[in-house]
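Colleague: Got a structure for you, written out below as structure tokens; questions coming shortly.
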Amino acid sequence: MALPLWALTFLGLTGLGLSLRSRKPESFRSETELNHLAVDEVTGVVYVGAVNALYQLSADLHVQQHVVTGPFMDNKKCTPPIEASQCHEAVLTDNFNQLLLLDPPGKRLVECGSLFKGICALRAMSNISVRLFYEDGSGEKSFVASNDERVATVGLVTSTRPDGERVLFVGKGNGPHDNGIIVSTRLLDRAEGREAFEAYSDHTTFKAGYLSTNTQQFVAAFEDDFYVFFVFNHQDKHPAKNRTLLARMCKDDPSYYSYVEMDLQCQDPSDPQDSAFGTCLAASVATSGAGRALYAVFSRDGRSTGGPGAGLCVFPLDKVREKIEANRNACYTGAREAGRTIFYKPFHGEIQCGGHLIGASESFPCGSEHLPYPLGSRDGLVATAVLHRGGLNLTAVTVTAENDHTVAFLGTSDGRILKVYLAPDGTSAEYGSIPVDINKKIKQDLALSGNLSSLYAMTQDKVFRLPVQECLSYVTCAQCRDSQDPYCGWCVIEGRCTRKSECSRAEETGHWLWSREKSCVAITDAFPQNMSRRAQGEVRLSVSPLPTLTEDDELLCLFGDSPPHPARVEDDTVICNSPSSIPSTPPGQDHVDVSIQLLLKSGSVFLTSHQYPFYDCREAMSLVENLPCISCASNRWTCQWDLQYYECREASPNPEEGIIRAHMEDNCPQFLAPDPLVIPMNHETEVTFQGKNLETVKVSSLYVGSELLNFEETVTMHESDTFSFRTPKLSHDGNETLPLHLYVKSFGKNIDSKLQVTLYNCSFGRSDCSLCLAADPAYRCVWCRGQNRCVYEALCSNVTSECPPPVITRIQPETGPLGGGILVTIHGSNLGVKADDVKKITVAGQNCAFEPRGYSVSTRIVCAIEASEMPFTGGIEVDVNGKLGHSPPHVQFTYQQPQPLSVEPRQGPQAGGTTLTINGTHLDTGSKEDVRVTLNDVPCEVTKFGAQLQCVTGQQLAPGQVTLEIYYGGSRVPSPGISFTYCENPMIRAFEPLRSFVSGGRSINVTGQGFSLIQKFAMVVIAEPLRSWRRRRREAGALERVTVEGMEYVFYNDTKVVFLSPAVPEEPEAYNLTVLIRMDGHCAPLRTEAGVFEYVADPTFENFTGGVKKQVNKLIHARGTNLNKAMTLEEAEAFVGAERCIMKTLTETDLYCEPPEVQPPPKRRQKRDTAHNLPEFIVKFGSREWVLGRVEYDTRASDVPLSLILPLVMVPMVFIIVVSIYCYWRKSQQAEREYEKIKSQLEGLEESVRDRCKKEFTDLMIEMEDQTNDVHEAGIPTLDYKTYTDRVFFLPSKDGDKDVMITGKLDIPESRRPIVEQALYQFSNLLNSKSFLINFIHTLENQREFSARAKVYFASLLTVALHGKLEYYTDIMRTLFLELMEQYVVAKNPKLMLRRSETVVERMLSNWMSICLYQYLKDSAGEPLYKLFKAIKHQVEKGPVDAVQKKAKYTLNDTGLLGDDVEYAPLTVSVIVQDEGIDAIPVKVLNCDTISQVKEKIIDQVYRTQPCSCWPKPDSVVLEWRPGSTAQILSDLDLTSQREGRWKRINTLMHYNVRDGATLILSKVGVSQQPEDSQQDLPGERHALLEEENRVWHLVRPTDEVDEGKSKRGSMKEKERTKAITEIYLTRLLSVKGTLQQFVDNFFQSVLAPGHAVPPAVKYFFDFLDEQAEKHDIRDEDTIHIWKTNSLPLRFWVNILKNPHFIFDVHVHEVVDASLSVIAQTFMDACTRTEHKLSRDSPSNKLLYAKEISTYKKMVEDYYKGIRQMVQVSDQDMNTHLAEISRAHTDSLNTLVALHQLYQYTQKYYDEIINALEEDPAAQKMQLAFRLQQIAAALENKVTDL
């Protein structure tokens, strides 16, 4: 049966969750060590300071700019500028970035390095390669940062006052060659003769007063209100300890009167003795629900406490402020003597407190010269750590708030990010840990992105971008709840884990369940609690918490696999009808549990579920053997027993006779109390039993029996319900006892029987007399002397009560030490019935103390031997109840003295683990358990016992010689002179290589010292699953902790061992791998300063095409990926069959080796298949082998002698080759000459117009500067999102601008509106069913009359309708796309895919790209496109434009080129706009312009700062010229227009004789005088009665039509003349092209340059295409290139380029459109891989851009290549991006109108859609056809109403 929709959704979400988690974090790697990181909160740009480098990265960590900052010649002692003559000690020195700060108001970046005494530079934030200020010759006043990289520098850029200048506050320690300044305030702008970075005033610095250097290490600087704060560590000398201090000063305090500092202490709650952490490592200030606070992480080095530790403390800033003010007040007004113990003067010594008036601190909030300053206090703030960790250090902290919940992200010393929730009550909870860069410390700069969605972390050489939450990866409410992520909660109505802001109804009660409140929607109770499977009724479910639901939420009940049905809701109770069908009851049960599922949104969202039992009374009677009535009446259901029919059935509400109701099982007829309870085997026994409640039982015919032993006997009835029967002789050999449950039948029906007896066998397991007499007396077993065995007493006539004497068969051990004290075990028979029977034991003449704990009846006695004075061998004697037993001669015990003589080896590691071999005599005395070996009281575990002893040493606290001691049975035996020496553990100094493939087998050379001490080495890998992967693999199979031991190694000497790396699990990224070298008992991590040993995934190889490689040259080539990631050329091996293939080259993707000259035999020869007798090609990397196919040598031989073959074959072949080469050379030379000739001509033409291009380009740039200023003033007129999508989606539709989707009008009578809208919303829900929508689309596309235009329109309507759920829209598009791709691949023409938009999905892709790239157009690519459009428009309008023929002098299009030379002159006219009070505006026009053209240019100039849609139309204004006192209205056509026969010429300014400098007045009219589209039907004033054939012209009058009688030859000449004219004017095309070239290049670079940020949608879709190509095994790069080209450049960019009005509020004239078409065609040519050879017949546009096309093609190739190399965009990131677009813009679209339009298609093809839905099983299950019918019923009058 098909899965329900919610289950499919769940599976999809599960896949999404896995893909979300499987992605690796985005990262950037630096070649040098990283120092600092800063993030621009507005642009998202990331700035990174490193050693010798600065980086400007995009938000996704792609490099935008890279600046080299070192190394340079310097010495810490020298003063810059560094000159060799002045600084002889200067050497090439690295530049460590000491300070990296942003100044967003100034759009600049502050960076200071360690070179040149720590001077700083200002750089542009937009481009860090632009240095705004740098001065290295100002001397000490410009030394800002420390020039010692070990001394930290912190800073803060702020303003001294709200409107004050920007300054830099700096805090740094005092390095050995620093200037001693600790705290300073620096200028950022020149002021009052001071340069940037000089001190703000002469007093704004504090210098160190200490003699020692580097006593301060600054941690952080921050601001709060009008104060600046510093956090730093200070090393006190007396006593020597570290203090963490917080310093504060006023921003606007040029003299530092306000400086005050105090201690900060962070208490460790886990260590009351050493209760405070010592050093602050990182600090961050954040505002959370509890207010603004300082969050600081502290560490403890662990030297005194046995290990490192760290804690997080919180210091609320209001408490900081209170404490500082209290300290100030105490110093100002307190006693002087008392203040000396608390207060001090930082940097200078003692301070004089006291003597000031009360209130001085309030009167002088920023201190004063007469008050003590600077002020330090040892009385500071103390906080208890809200989080503490042992074993590691916390190295970074940043804090944020989500819905007033405080979240801290903490970096650790082992390369992880801890996610911690800080509760309002002061407690904390770590809810996640992200392994960022294992065993690499997280650096202090931990930053959040501006939108708080990402976290940037930095290690030694990498920057990582991590999501702050992964809510969408938790696919169930339980997973969401268990994550405990404060960002996440379960969005009930959407059935997914989201942030609160992403849940549409989060503010409604019960709709967003916060993860930390640990609640999910659950069914807490059901009434009734169970139901008979044969009953019908309602089930009332108590649901908590039940979200508030509306009628539209459609709550459904689903019982098991039954169809869902609507549920009713009453308060917090959901009422469901019982299902019509119930699964069968499982065998052995009386009920079946059926899952009740509550679903929302037509079954697409799972709410909760509950197991509900349906019971079956017919099965209840057979649950207990032989007790049908009791089983029925005693179960937990309401079943009852029918005495008449002997059946179990459901209870009836009415009283009935002959019924035993539920829980009245005592009333059942039954038989019980058998006597006797035990029955001997092989003996007939009389059994009596009782009856009860037998009134309805016919006791006259009763039978008793057992199905197990297959017997049945008649029952005899006695008085008082007593019965009896006689058993036959029963036997069963398998056991001592056998429980029997006897049945009782009456007329074939079972009566309840509790007759349980036990059948027993006396002989079983009782082989001797003692064992027999020890049996349970109830069995009445006796030892029968005559039979010599144990039997039932009635079966024996010769019973004895006494047993024979004991028999001893063997002892263990057979030897013992003279000191005794060991246990001896005596085995035999008749050794007594109980322990008390054993009276005395003698071993070798010595008493042996009985040990009752080891006694076993009759078979075993254990005793402890006593000491013996001398060695002796003797027997064993046992006294059992006065009967003596003696051991036979071969069972003897020997007293002997063990004597150890020597031990090997004599030394081993301190960690232990050495196996010692002890030699001596009689060492095998006793048993292994009796021997104990110690080394200086440290146990040596005995592993081997015999003539030699072996033991494994334990760990010793210190190295040295120790004595070996051996104990036997507690007594020490002498071992004179035997000692063992513990040596220091071996040490690993280096290893190489640093990595291995997961399959292992790589030789790892480990060097160090002390290896000769070791006996056994092993390379051990501990694979600990990462927490995130544990959750990820919960469905696919949990990951377990794995420990792998590699025992293969070669020992060389004391300093070198070579290991073979062991194989580890195949997913190394899923585990935290710890690699150790185990040396006996010592384990050392395989980690040195060079790095940590790591595993990488195995390489992949491509198999040979067809499985066989033809060997035609000397090398075999194999392809793959990651081949050299953990393998070198020297290590790699390859084989051809049984022989080696000599390795020649190994790169990341290629392997070359030289095979044997003669074909070797295969490794595994096949007998029958001759093809398989070819040798295999095998690649071996370490332990793993890859068989890539077989190698076929060319083994053909000829009987013809070689001396004949060479002349006969070679001579003709050489002749043919020579002739062919000559012919080919001639043809190539001819084509090359033609190509070079054309190219030369083109270059010559370009050269001839180059000077003109330069001049015109310069003029254009000057004029475009005004345009640019207008753009900056008014902004680029980008359309709003709705208008943009309307134009992109619907302009191609047949109704154009009048399309109802654009107008947004839906005319519905008010009386019908609620019904219609409700139905449309239901239709929207139906569209959100994937099954319905796919069927809907397939059905429409199968209709013949569903044209390509209709598909385009339908897809656009669908885009608008689903815009609110773009993630779902994308899923639908992907599904349809996979189907489309399958069709093309099956048809073997994949290159044709996406060439047009002939399917719905192709248009959906166009719309999807348009949606996803809108913001990119708006932010990035829009400006160069707009400037290109304006440049073309400006250049076209500089020359004549024929208003009738739409041709221009300056154009890129040869068909739109104005052929004739037209005389014209530029004019500048003054224009006054009437009634607007604007001064006269100069406007440039041409004297050949028509009046309409003049109007357009005037409007363009006057209203240039307004969007085009706000401009007046040319036909709505009147142009008036006032040459003198008179006024003349100018128009295109009037009575003065020039006439020539049938032709009338349009008036121009020249016609009216308007001169340069003339004044024109523009005024508006009420009624349009001329239609707007007059350009198409130019001023046709056709008065049929006066002139039938009036024709108009402007600049060039068309020639009369050629007579029909003209010959074809004449026509050919005309064509040639036209072509000649075009070529003549080609220079003009080149001139325009050269003028516009920069704008064209800028646009191409903005779209195709890899340096620009690529929209995530492009990366996402291109990766999708790559994946599908790989899936379908499409290796042809041309095909993939075509797919990408058709999906983005040709589908989107060409469309936007040809139609700028789609994105901008502009009007595109035909002459501008013609030039745009040429550029668009060039863009299209650049995207094709086909090479176009130029000839004289080539189109002029291809000739125009012949030189540039190769550059553009490379840009496209590089663009595609760059995208492929980008970090993958995960499904989660894409869905988040799409969700943001949905939220931002959906409300502005005409969704309701789109739904109505879509419904028209449903109405048109109603029957076909219904049939399709009814034939689809999934649609049937969800009742989609029925739901559509309901919607159609609601909308049936809609068409007529509309």
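For all residues, glycine too, the Cβ spot is worked out from N, Cα and C.
Remember, it's a predicted structure, so these values are computed and weren't measured experimentally.
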Colleague: Of the candidates CYS313, CYS331, which does Swiss-Prot name as forming a disulfide with CYS353?
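Modeller: Here Swiss-Prot pairs CYS353 with CYS331 via a disulfide bond.
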Colleague: State the disulphide partner of CYS503 as given in Swiss-Prot, choosing from CYS491, CYS497.
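Modeller: Swiss-Prot annotates a disulfide bond between CYS503 and CYS491.
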Colleague: Can you tell me which of these residues Swiss-Prot lists as N-linked glycosylation site: ASN761, ASN1072?
Modeller: ASN1072
Colleague: So among the disulfide-bonded residues CYS488, CYS491, CYS520, who's got the most Cβ atoms within 10 Å?
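Modeller: Its Cβ has the most other Cβ atoms within 10 Å: CYS488.
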Colleague: Report, in whole Å, the straight Cα-to-Cα distance of CYS471 (disulfide bond) from CYS520 (disulfide bond).
Modeller: 15
Colleague: So of CYS87, CYS353, CYS477, which of the disulfide-bonded residues has the fewest other Cβ atoms within 10 Å around its own Cβ?
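Modeller: Sparsest of the disulfide-bonded residues CYS87, CYS353, CYS477 by Cβ contacts within 10 Å: CYS87.
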Colleague: So which of the disulfide-bonded residues is most packed in, judged by how many other Cβ atoms lie within 10 Å of its Cβ, out of CYS250, CYS331, CYS503, CYS557?
Modeller: CYS331
Colleague: Find the shortest Cα-Cα separation between CYS331 (disulfide bond) and the disulfide-bonded residues CYS266, CYS313, CYS497, and name the residue that gives it.
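Modeller: If we rank CYS266, CYS313, CYS497 by Cα distance to CYS331 (disulfide bond), first place goes to CYS266.
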Colleague: Nearest by CA distance to CYS477 (disulfide bond): which of the disulfide-bonded residues is it, out of CYS120, CYS266, CYS313, CYS366?
Modeller: CYS313
Colleague: Pick the one among the disulfide-bonded residues CYS78, CYS480, CYS497, CYS576 whose Cβ has the fewest other Cβ atoms within 10 Å in this structure.
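Modeller: Among the disulfide-bonded residues CYS78, CYS480, CYS497, CYS576, the lowest count of other Cβ atoms within 10 Å belongs to CYS78.
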Colleague: Looking only at C-alpha atoms, tell me how far CYS266 (disulfide bond) is from CYS78 (disulfide bond), rounded to the nearest Å.
Modeller: 41
Colleague: Please compare the disulfide-bonded residues CYS112, CYS266, CYS313, CYS366, CYS471 by how many other CB atoms fall within 10 Å of each one's CB, and tell me which has the fewest.
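Modeller: Counting other Cβ atoms within 10 Å of each of the disulfide-bonded residues CYS112, CYS266, CYS313, CYS366, CYS471 gives the minimum at CYS366.
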Colleague: DSSP on CYS480 (disulfide bond), three-state: which is it?
Modeller: helix
Colleague: How would DSSP class CYS491 (disulfide bond) in three states?
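Modeller: SS state of CYS491 (disulfide bond) = strand.
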Colleague: Would you mind reading off the Cα separation of CYS471 (disulfide bond) from CYS497 (disulfide bond), to the nearest angstrom?
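Modeller: That comes out at 5 Å between the alpha carbons.
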Colleague: How many of the residues that make up the domain 'IPT/TIG 2' (898-982) does DSSP mark as helix, as strand and as coil?
Modeller: 3 helix, 48 strand, 34 coil
Colleague: Give the distance between the Cα atoms of CYS366 (disulfide bond) and CYS353 (disulfide bond), rounded to the nearest whole Å.
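Modeller: Between the Cα atoms of CYS366 (disulfide bond) and CYS353 (disulfide bond), the distance comes to 17 Å.
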Colleague: Based on DSSP, tally up the residues of the domain 'IPT/TIG 3' (986-1095) by helix, strand and coil.
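Modeller: Each residue of the domain 'IPT/TIG 3' (986-1095) counted once, the result is 12 helix, 59 strand, 39 coil.
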